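Novice: Please read through the structure below; I'll follow up with questions.
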Amino acid sequence: MVCEGKRSTSCPCFFLLTAKFYWILTMMQRTHSQEYAHSIRLDGDIILGGLFPVHAKGERGVPCGDLKKEKGIHRLEAMLYAIDQINKDPDLLSNITLGVRILDTCSRDTYALEQSLTFVQALIEKDASDVKCANGDPPIFTKPDKISGVIGAAASSVSIMVANILRLFKIPQISYASTAPELSDNTRYDFFSRVVPPDSYQAQAMVDIVTALGWNYVSTLASEGNYGESGVEAFTQISREIGGVCIAQSQKIPREPRPGEFEKIIKRLLETPNARAVIMFANEDDIRRILEAAKKLNQSGHFLWIGSDSWGSKIAPVYQQEEIAEGAVTILPKRASIDGFDRYFRSRTLANNRRNVWFAEFWEENFGCKLGSHGKRNSHIKKCTGLERIARDSSYEQEGKVQFVIDAVYSMAYALHNMHKELCPGYIGLCPRMVTIDGKELLGYIRAVNFNGSAGTPVTFNENGDAPGRYDIFQYQINNKSTEYKIIGHWTNQLHLKVEDMQWANREHTHPASVCSLPCKPGERKKTVKGVPCCWHCERCEGYNYQVDELSCELCPLDQRPNINRTGCQRIPIIKLEWHSPWAVVPVFIAILGIIATTFVIVTFVRYNDTPIVRASGRELSYVLLTGIFLCYSITFLMIAAPDTIICSFRRIFLGLGMCFSYAALLTKTNRIHRIFEQGKKSVTAPKFISPASQLVITFSLISVQLLGVFVWFVVDPPHTIIDYGEQRTLDPENARGVLKCDISDLSLICSLGYSILLMVTCTVYAIKTRGVPETFNEAKPIGFTMYTTCIIWLAFIPIFFGTAQSAEKMYIQTTTLTVSMSLSASVSLGMLYMPKVYIIIFHPEQNVQKRKRSFKAVVTAATMQSKLIQKGNDRPNGEVKSELCESLETNTSSTKTTYISYSNHSI
């Protein structure tokens, strides 16, 4: 304000502020006005505010520090460049000039808040009724600029602080660099928009990168503040939602770290050595100091850095720390270098850029010189000539956010342009409706803009004021002592990554691992650690289980076993008893010998059918018995043959039939002998049914019971084959086999043989009863010896057969035991009953002659005398009894000796 009267620059004005807020504002404007230039001010019809980090943070007690050439001056000049371009464009805001009021935030949120109060001065009503000049005249106030919109700020923490003030006064704000997800909250920051995507998109891209590289165990590192903490929070939330990525630990870098703080952070990160990947949402200075600490602790090649856009493709954080940073994957919003700005900025000089109040300071910093006696550089520095040129006498590279600053300014300009078209149709310049711009109405136009930005990409906003996510993905690589940030992919709602272009420490192209637990081998399932789904122990799927998925094993079906990797099931091999097996060779050999011997006996008996020995043996029952013996040998071949329906049918029929033939014939013989001698003790009348025809009827009646039982078995359970997978289901699935066999259970087998065993036992009983019959009269004793031996064989068979029920060799042992037992039984019968007769027929034909027949009366006499002498047997030796019986018989019959008894005509 100025006072009328004396027009001197030192006109004293005394006034009393009626608003404390305004007093604070005024004092703030004067603070450090001598040390730092306050702002850039360009007049125009519509004034836009600008917030840029021209200076870094100052030390304690000092708000501002060193000049930031790129982030400060480059971005600031980008806004001025955009304003110039818009004001020169006849098609954009024609006849309307944009002005600016640009302030320095000094990279500090609290200082930026103080500065931003400048933007709301015009909206604060002031009561100056009590303010008087020294001469009593009322003061004249300089009218503050009415700010229609604000471009900025850069840091998310600064934008959040400023947005809280601007929303109260309904001033739209467009940021060119703030990416904190918190700013997407349209209920709290409803007047905030941005031309850069929020960190939620960036976090999604980083999660996709981590997932694509197969990393599931990572640590996070954030600078304290909205940018770092919100970015890490977004990454954590997204990784939790999609699953598959676990956070080993989260570290935070304090705003004002103590000495040694960064070394402590690195050591804490090393406590989880498997979490090599580190997700970084940190500012540039913190990134540099973290890399320094890692280098100091000699951790080159250990950490796999994933940096946010604050790292991007900057050289400063990795300068002199290239080996530590090698392989770092960084992300940056897709951008392009603006050629027009390069030409503009290179042409800036001290003479043509006086509107930038910080440009002189930039000039000194950029060229390393001093401007006159008022320069801020030390006195021993060379003086600036003013003839220096940017990019000729100094290095120059366009700062990465220049494109977004220009797009932010153009977004505001297009919104104003569209607003003017609707509110002031056909009006040249500002119409009355736009003299005072309604911020809420302008916000609607901002959110509706859609144009191609300075890089040719569309500029749009969603309902929360966020720009779409478009990122370039870089990797810091070292090749032949040269370094570069190489583009390895991009992200636009989904990841496109060229893994083959990636290079890691020591020039390795195979990407390293960052996992809590190594992948389980095939056939192993994961047993996760409680609360840490990315960490697990591997458990092998044991027995007949196979790996269904990563977390579970399941049992294979009964007819299958796990494959070699236990990742699936395969059919269990089917086996049967093969002819070449040792278990089959021995029974077959015995059976063949037995069949040959039996055939030889039958042929011999047929050849000498009418000789006394054959006739005395009872030809009819002998042939029945020999048939049974033959069948007992033959069953071996049926038991070893490959099972099918026909073979199974024959097995059922002949399994017990051979024994039934044999023991039915023997039982009939022993029963006949027993009845004859028992009848002889009582009377001289011959017992009934002792003729050959009667004997055959009895024998076949006994055999018919077996056949009837087999017939019932056929009806109840038709024969068929099965594959028994339980018989050889060993503990080791590799040895498991399915056994192809007939569906004959052990119980069915016992039932089939049970009747024959019953005949055998009965026959044995009769053999015992007739053991005292004189051997010159009958075959009782050979039959008895046969039955005793047979019983011993079958008593040995039972424990062997049933004792191997759980053995893996069950099929072989049981089949061999059964066939050998039947062959041995047949061999005993053949050897004891017929081989002596064949021997006499072949080698002693002189004994095969007709002897005097014994009448039934002689048998009765022998039986009676035997009965009497048995009573004396208790007092005499066995030999004496036998001798006396023989002598008595010889005297009674007037014969010297009779060896065989004739059964013809009821004689013995």
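Glycine too: its Cβ is placed from the backbone N, Cα and C atoms.
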Novice: Looking at Swiss-Prot, which of ASN452, ASN609 is flagged as N-linked glycosylation site?
Specialist: ASN452
Novice: Answer with yes or no whether Swiss-Prot records CYS106 and GLU809 within the same membrane-side topological domain.
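Specialist: Yes, Swiss-Prot places CYS106 and GLU809 on the same side of the membrane.
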Novice: Name the residue from CYS64, CYS133 that Swiss-Prot records as disulfide-bonded to CYS106.
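Specialist: Within the candidate set CYS64, CYS133, Swiss-Prot assigns the bond with CYS106 to CYS64.
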Novice: Same L-glutamate site as SER156, ALA177, SER178, THR179, TYR227, ASP309 according to Swiss-Prot: which of LYS57, LYS401, LYS421?
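Specialist: Checking LYS57, LYS401, LYS421 against Swiss-Prot: the L-glutamate site match is LYS401.
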Novice: According to Swiss-Prot, one residue among LYS481, LYS682, LYS882 carries the annotation SUMO1 cross-link; which one is it?
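Specialist: Swiss-Prot annotates SUMO1 cross-link at LYS882; the rest carry no such entry.
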Novice: Quick test of reading the record: Swiss-Prot lists a disulfide for CYS246. Which of CYS520, CYS534, CYS535, CYS538 is on the other end?
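Specialist: Swiss-Prot lists the disulfide between CYS246 and CYS534.
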Novice: Measuring Cα to Cα, how many angstrom lie between CYS556 (disulfide bond) and ASP309 (L-glutamate binding site)?
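Specialist: ASP309 (L-glutamate binding site) has its Cα 52 Å from the Cα of CYS556 (disulfide bond).
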Novice: Using a 10 Å radius around each Cβ and all protein chains in view, which of these recorded positions has the most neighbours: SER178, ASN452?
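Specialist: The residue with the densest Cβ neighbourhood is SER178.
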Novice: Should anything in the same chain at least six residues away from the transmembrane segment (747-768) have a Cβ under 8 Å from its Cβ atoms, list it; otherwise answer none.
Specialist: 652, 655-656, 659-660, 663-664, 666-667, 670-671, 673-674, 702, 705-706, 709-710, 713, 717, 780, 783-784, 786-788, 790-791, 794, 818
Novice: Can you find at least 3 Cβ pairs under 8 Å between the transmembrane segment (648-668) and the transmembrane segment (584-608), where each pair is 6 or more residues apart in sequence?
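Specialist: Not in contact, no.
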Novice: Can you give the largest Cα to Cα distance in Å, as a whole number, for the residues SER156, ALA177, SER178, THR179, TYR227, ASP309, LYS401 that bind L-glutamate in the record?
Specialist: 16
Novice: Work out, from DSSP, the number of helix, strand and coil residues along the topological domain 'Extracellular' (642-647).
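Specialist: With helix first, then strand, then coil, the topological domain 'Extracellular' (642-647) has 3 helix, 0 strand, 3 coil.
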Novice: Okay, the transmembrane segment (782-803) and the transmembrane segment (621-641): do they have at least three CB pairs under 8 Å, pairs separated by 6 or more?
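Specialist: They are not in contact.
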Novice: Would you kindly check 584-608, 696-716, 782-803 and say which stretch has the most C-beta pairs under 8 angstroms to the transmembrane segment (819-843)?
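Specialist: Most contacts with the transmembrane segment (819-843): 584-608.
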Novice: What's the CA to CA span in angstrom from ASN452 (N-linked glycosylation site) over to THR179 (L-glutamate binding site)?
Specialist: 21
Novice: Looking only at CYS538, CYS553, which of these disulfide-bonded residues has the biggest number of Cβ atoms within 10 Å around its Cβ?
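Specialist: Compared across CYS538, CYS553, the most Cβ atoms within 10 Å surround CYS553.
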Novice: Would you find the one among the disulfide-bonded residues CYS106, CYS520, CYS569 whose Cβ has the most company, meaning other Cβ atoms within 10 Å?
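Specialist: Answer returned by the neighbour count: CYS106.
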